[in-house]
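The structure appears below as structure tokens.
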Protein chains: 2
Amino acid sequence: MVRVGRVGLTTERLVRAGAELADEVGFEQATPAELARRFGVKTASLYSHVKNAHDLKTKIALLALEELADQVSTAVAGRAGKDALTAFANVYRDYALKHPGRFAAAQFRLDPQTAAASAGVRHAQMTRAILRGYNLAEPHQTHAVRLLGSVFSGYVGLETAGGFSHSAPDSQESWTEILNALDTLLRTWPTTS
Amino acid sequence: MVRVGRVGLTTERLVRAGAELADEVGFEQATPAELARRFGVKTASLYSHVKNAHDLKTKIALLALEELADQVSTAVAGRAGKDALTAFANVYRDYALKHPGRFAAAQFRLDPQTAAASAGVRHAQMTRAILRGYNLAEPHQTHAVRLLGSVFSGYVGLETAGGFSHSAPDSQESWTEILNALDTLLRTWPTTS
DNA sequence: TGCACTTGCCTAACTCGATTAGGCAAATTA
DNA sequence: TAATTTGCCTAATCGAGTTAGGCAAGTGCA
């Protein structure tokens, strides 16, 4: 090692670097060992700043959830109906495409208390907020919330897993048409069965 | 160790046990070490039957994809339209709820050649087969295929991650209403926009 | 400015998983 | 029963995760 003094590790800095690392090599590979390597530091040195590997991943997940919630809330502010729906969806998808590691982190299974205190609850609130423009009564609103969550996370999950690449038509086309379809669907919800 | 002779390891047996192990402790935890423990065998002994840990996971994934494709094709045979749609969807969801580890395995990223030779292609074919009843022209059919894949994998993913538990209404209710909504949507696709 | 105090990062050590090479005994075949 | 195959073991290496304790680089106070 060439370094003399200290590099200035902090929990904050580790988590940010961990998020970038995740985007580069995948969330699973965003490990204490690799992170230490990047800081030019011994692995053991991280343990004053994060409890353990699981704690590191949890903190990266929380960071991702916050970033995503911030971006979504900015995009959705002042919009309603289809406009809000597509804004939400596009922010979500763009975030995942630009930050695949963080997006994967955002799906990380948090223990219930951590999840309850996370930005995950803002996501749920914002999804419901979008549906305000569609006037759905309960329990239909909840069903619709679950549908939207499923489509967004499912589509983006498949897309980042490479499911739609190298095949026509373009993924962007499908995305647009799916959002149109969802808008129509929400306007005529609930279904007559 | 109490055992005297040999336990009779085979690739086949390892993969089956690995699938069960995955259902019990999670796909990520379905590791050579744990598998060896269950067979009362040293870890090194597995390496005559599987190349390495990644190979084991790949083989579990292929098993899951086959099982799922078999069950789906049985359920969908002789059905059309909404009937086929719900049969497909229910088999898919039931499999995931009964075999969470295998289901997770089925999402395991396979390298392109392995994927191309896997039962994954049957899944794609069957999804398209379902849409036959809805008479969609390309490129709309592909958009619809992608929507269905997204909803199914997304919903089941969120549900098995615990997203819908402990909150009313029941997940089953949402699932039913969502399938109804999808049926309606497919019958009126493409969207006017 | 100098000192005590705090603390960041290190070394040392251990555990455990993955993996390879080589050996012996149990199964198989003749 | 002898010869051959091969299943599972021992031994050994490597790397990740983790803990305990030490020293020096930073901080704050006189």
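Cβ atoms are placed via backbone N, Cα and C, with glycine included.
Listed ranges B:11-30, B:31-50, B:111-130; the one TrEMBL annotates as DNA-binding region is B:31-50.
Across the range of the domain 'HTH tetR-type' (B:8-68), the DSSP-based residue counts are 48 helix, 0 strand, 13 coil.
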